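K.L.:
There's a structure below that I have some questions on.
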């Protein structure tokens, strides 16, 4: 019996195969006379490790007696036990005596130790890790669903998929058929034995014809594929690790370069600005000094604030960079000489000291010149204020708007004029001050006294003219007011006489136009007599008409005499002289039918109201019944949206379970779309029926549309957040238990239950999780979780931060080991290997920064990845 412990299970010289039933097909005598271990590894031997090539067992005893065989087998068993293999209930006697069951059990223990036990995917057990590896590799293939190590492999497609995934040139997977399991298995066995050096240790017929193939046999065979492809997996993992490390270094180098650039620009600006602020040469005029002050204000208002922000950003970038370097196991960043944060702070302090002295000097010089120009500026200011107040006043006083105004408007204009007169009297004091300042400027021999005197004289002349115009307007307003009072009295008298006369004419016209039904000559005669009596009253009525119209004519005469424009409307009545004339002509002519017939049908109300039915039908489908989240009557759309907004935080279980629950939630909402459509139909019918109010509900169709769209948008956004959490978990390698812990911590400090934490609650949350926070460190963290300065920390931002904090860090040794894998265990790496194994950007980054390998065993152009890896974690040369 020949066993190969590492890296293969059974070496090529083996004489038998493992069958699906767990037995060995032996082509020689089943009696095992001795046990010999052929060791096939290259690693140095250590306690409880795999055996190494050339490691010798104790010299076997010569002889063929039973006790010789037992002694030799014991030597082999002791060696196996020294490598960490626990052999339970088996001794040399059972092996020498050919106990197949015991021997196979021992073989399985050895296989489990040296071929399977070291397999681990995402810190799972060996069996689970191997199964997870198979599932991931075969997931894209049709008709393959690996769930175990027995029936999932019966059709042979899983084995073929494993080979095709790593060596697509060996098998054409598209031509395989699920209904040909024996062909698929034999294809996999033959390709594995010929090209992958994996011996054919299983029978296709045994696997297909067995209801449940032996799990240990298939697990053993599949582990050979894992070890066969481990090199490719290691190279891919190594390349990914190197890319991550290089990305971190590239980002850090970019931040360092930005810091150096910002620091240089800021220090240069300070160097140029200080001499300008140290200049103390005074100007001769106030205007020139004011220009200097304006330049200084521009400096403070325009030029300095961006530099303040740059200084602040420089400190933030420096702290952020140092934190990133610390978290990624890099040494602290040391800026160039003279560009430390403390150097910039000292230079800034010197700038502010010079700036303060410059400002004090400017103010002193301005106050000195201000004493000279004080009176002139005061005169200009008062003149400007007075001229601004008087602007347009002469035109207003010259208006004749009272000619077309009514009595009420005249009275309003009179009150407005009285207010203006009060305002005019109040401005008398300013005019006197202007005159006094002008006099004082003349006494002080002001250089521009001529313009001051001309301006003062113009103001005084204008002031006298305003007084004259004010008195003229008052006289005109009083005269027009008296005329309008007379006209108003005539309007009132006209209204009092016109109303009863108009009412009498309306009654007369109604009688003349009334319809009668008569059945005899006597009734007709009676009507004629009544009409004659009515005609007898007309002369007296005509006198009343003439008197009423006379009042109206008097109003017109006054207006014409004094040039008053009437509006034509009597404020006390709607009856006009034209109405009286027209009605009188009708009454006086005697028009109207004394005898007529008329039939009329009373209005009968309809027995039903379709509008009421529409209102009720619309109201019965309320927005609350449309949304399936909670149909209780007191539930509002706002509560529904809040419930959905943090549903991903409240749902228990894995992220996949949350996703399924949310999608079911979404589907339930979508299923209610028919109710929205029905409500739209009722709403359209209501509009077509001109029904725009509904006392049965407060919800308009617009409210429902907006609420429905918000509901769909919120659930979709929540689903997307869970999807992002799944992506984050898978990308960062965070376990479900860690995510549950993060969620529980967030829920505890989400005091408002709105899916967000305030900064104080977020700080408390971090402290509860073991963070020792200073102000600077907390500010750095807040810039990560609240980049837009919204003042809150969302659940997704919290998860992103925690996954970054718990992600694995890298070291120089890990990077060296990764490069060694890509270099096939050499101490150097070639340009071709870098370009073959890494993405173009990372490959060129390495090529441009790696030094030449100086060892004698390297070819021309070889690169030193060891010194490069150390430099990645060494001090920056910037």
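Each residue, glycine too, has its Cβ placed from N, Cα and C.
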K.L.:
Of 410-444, 445-479, 480-514, 515-549, which span is tagged coiled coil by TrEMBL?
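P.N.:
Of 410-444, 445-479, 480-514, 515-549, TrEMBL gives coiled coil for 410-444.
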K.L.:
Looking at 627-654, 655-682, 683-710, which one is coiled coil according to TrEMBL?
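P.N.:
From TrEMBL, the annotated coiled coil range turns out to be 655-682.
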K.L.:
When TrEMBL marks a stretch as coiled coil, which of 189-216, 217-244, 245-272, 273-300 is it?
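P.N.:
Comparing 189-216, 217-244, 245-272, 273-300 with TrEMBL, coiled coil matches 245-272.
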K.L.:
Would you kindly list the residues that approach the coiled coil (245-272) from elsewhere in its chain, counting only those six or more residues past its ends and only Cβ-Cβ distances under 8 Å?
P.N.:
307, 310-311, 313-314, 317-318, 320-321, 324-325, 328, 330, 333, 335-336, 338-339, 343-344, 347-348, 350-351, 810, 815, 842, 845-846, 872, 876, 878
K.L.:
For the domain 'EF-hand' (773-808), DSSP counts of helix, strand and coil?
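P.N.:
Secondary-structure composition of the domain 'EF-hand' (773-808): 23 helix, 2 strand, 11 coil.
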K.L.:
Restricting to the domain 'EF-hand' (737-772), report the mean pLDDT as a whole number.
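P.N.:
A mean pLDDT of 80 is what the predicted model shows over the domain 'EF-hand' (737-772).
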K.L.:
Quick check on the domain 'Calponin-homology (CH)' (124-230): DSSP residue counts for helix, strand, coil, in that order please.
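P.N.:
Summed by class, the stretch gives 65 helix, 0 strand, 42 coil.
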K.L.:
Kindly report the helix/strand/coil residue split of the domain 'EF-hand' (737-772) according to DSSP, in that order.
P.N.:
23 helix, 2 strand, 11 coil
